[in-house]
């Protein structure tokens, strides 16, 4: 009964309802404006909602997240620039459709399919999270440590770019997270004897720098490009179109939830896998894939929105984020005094159900805003970059300053912004850095707990790993990721599959 | 993994990080070398982390920093060695594709923003910053530039000062007094 009441919190408080709506609205447009990303929006917003109560802050951010994952598809369809990583696959068939003048249909189908996918994801979250959290109570510290390593590695290996660069980025993140006084022994770490480093580096400064300023600097390269005008006609799709693709959408939603629920993998991977799946099961698409096949839109869009619900499972039950955006959401929960992990479900189950309720509401708002306001949309997307970029920079500075009222944070933010700018240029993924920063503490604490309980003996530690089925699986997964990137793996694969080597993903 | 080819190899969005496969961009070697060097410094620093309460064993505060910086050094070295063997991208230069003048100027303006924020206060600094950057990027008349910059600033200030109650350094503008004057006006009307 309490769960139902907590679930209904959003629906019974007009101001929370309004905030979810406002967040979703903002998310759709932020995701849709090239040069603005959900990650950027959520990281800047954390600092502004810092002084708020936890409920309104979370309501706003959930709206932005849900709307943003969907909004990223807009620019993918209209401009062939995915607004969010999860919309990469959407561009493959969405853009060809738009070029043929079917942008309206593409957006309509995308919206409805995102809605369906979103619901399936939330449903699974509501049913599965309590079980996962029960199970998570049995996790040993070493399991948490392995999960954290696995998450960082997965983000590094599956996002575009090379694994070594991903590993570097992840390790850098962990090191950044370790700066300051060690919470257990109070020893100074990476402080270089500077008093100002003792408190550590604010992770919000890192986030805003990497996702706000560095992206805005990147956009300077394209400042002279004119905004693209698109004629968009009717966008509400016919019932028969939806019905026709319903079976596929259920399958791809399932893929989305599953991939989303794995620690370290989020909507981007889910969307690409779903796209591959659709390619395999669709025997006779009306148009070939890559040339504007409707199935090529349905699959990634259901999957990435289903992955939102899926990604909340490890985030809420284990405290391990699925991707950069969920990492930032975890940061937001921390700031508001919540501690995502198995104890959250026991100590504050109402918080969990409140979040589920907010997600449901955000999903409805997404459908509403996705299918209406197309005129306003085209106006906003045409906002000149020469105004947009300075505004993003201004907001980034205000955001970095606002959390601690400290100029030091502003300088850190700018430093990481410039650094992230070069990382982007040279193909270093930024997601693992943020994941590393967020997971640094968890990794450190759990490693030390695990090794202390084994009397600082590595032999006993590995004995423990291999006598517990869970630890063994996690450990093997970590090793597999490494091996899969080496030439040995490619050779073995070629041998096993007789040289065809096609079915295995990267 | 399916990869899409857009015209943007430079990490325009989160979704498509920059860099080329099998080629190295101008300045990539220098960046790689700097990262390797920085990682080495961090590794050295991690080695110096002392446990206040006991031996520097596996559970000491230096364990994870040491491990991660070691990983950083190895990864950075591997990247550097790989990059050295790659051919350079033809037709790209640092000045044109990596660090054009506009980026440098905006970066300087950003730092200047940080420096002036405290002494000058949020409103004047932001106004100067917005006018300078919008003029630089937009290439429009002064009237348009100043109008748009100030309109945006007022909007941002109202939203963040009133809705989000974010307090920025007031500097030379008596912000609090201004708000009080406005409040008094409304009080008076009652």
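Note: Cβ is positioned from N, Cα and C throughout, glycine not excepted.
Remember, TrEMBL labels are computer predictions, not curated facts.
Copied from TrEMBL, the annotated features are:
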DOMAIN    A:17-435  domain 'DUF112'
TRANSMEM  A:16-46  transmembrane segment
TRANSMEM  A:103-132  transmembrane segment
TRANSMEM  A:144-176  transmembrane segment
TRANSMEM  A:196-217  transmembrane segment
TRANSMEM  A:320-339  transmembrane segment
TRANSMEM  A:351-374  transmembrane segment
TRANSMEM  A:386-404  transmembrane segment
TRANSMEM  A:410-440  transmembrane segment
TRANSMEM  A:461-483  transmembrane segment
What parts of the chain pack near the transmembrane segment (A:461-483), using Cβ distances under 8 Å and only residues at least 6 beyond its ends?
138-140, 142-143, 146-147, 149-150, 153-154, 157, 163, 450-451, 454, 489
Six or more residues out from either end of the transmembrane segment (A:386-404), which same-chain residues have a Cβ under 8 Å from its Cβ atoms?
33, 35-36, 40, 43-48, 50, 202, 204-205, 208-209, 212-213, 215-216, 219-220, 223, 410, 412-414, 417
Outside the transmembrane segment (A:16-46), at least 6 residues beyond either end, the same-chain residues with a Cβ under 8 Å of its Cβ set are 9-10, 55-56, 59-75, 79, 81, 83-84, 87, 204, 207-208, 211-212, 215-216, 219, 222, 324-325, 328-329, 331-332, 335, 358, 361-362, 365-366, 369-370, 377, 380-381, 383, 385, 388-389, 392, 395-396, 399, 403
Non-local residues, at least 6 beyond the ends, that sit with Cβ under 8 Å of the transmembrane segment (A:144-176)
85, 190, 201, 203, 206, 262-265, 268-269, 314, 318, 320-324, 423, 427-440, 442-443, 446-447, 450, 465, 471, 474-475, 477-478, 481-482, 484-485, 506
Is the transmembrane segment (A:351-374) in contact with the transmembrane segment (A:196-217), using at least 3 Cβ pairs under 8 Å (sequence separation of 6 or more) as the test?
no
Highest-contact recorded stretch vs the transmembrane segment (A:351-374), from A:103-132, A:320-339, A:410-440, CB pairs under 8 Å
A:103-132
What parts of the chain pack near the transmembrane segment (A:103-132), using Cβ distances under 8 Å and only residues at least 6 beyond its ends?
66, 69-70, 73-74, 77-78, 90, 94, 97, 230-237, 241-242, 245-246, 249-250, 252-254, 256-257, 260-261, 294, 297-298, 301-310, 312-314, 316-318, 345, 352, 356, 359-360, 363, 366-367, 370-371, 374
When the pLDDT values for the domain 'DUF112' (A:17-435) are averaged, what is the result?
84
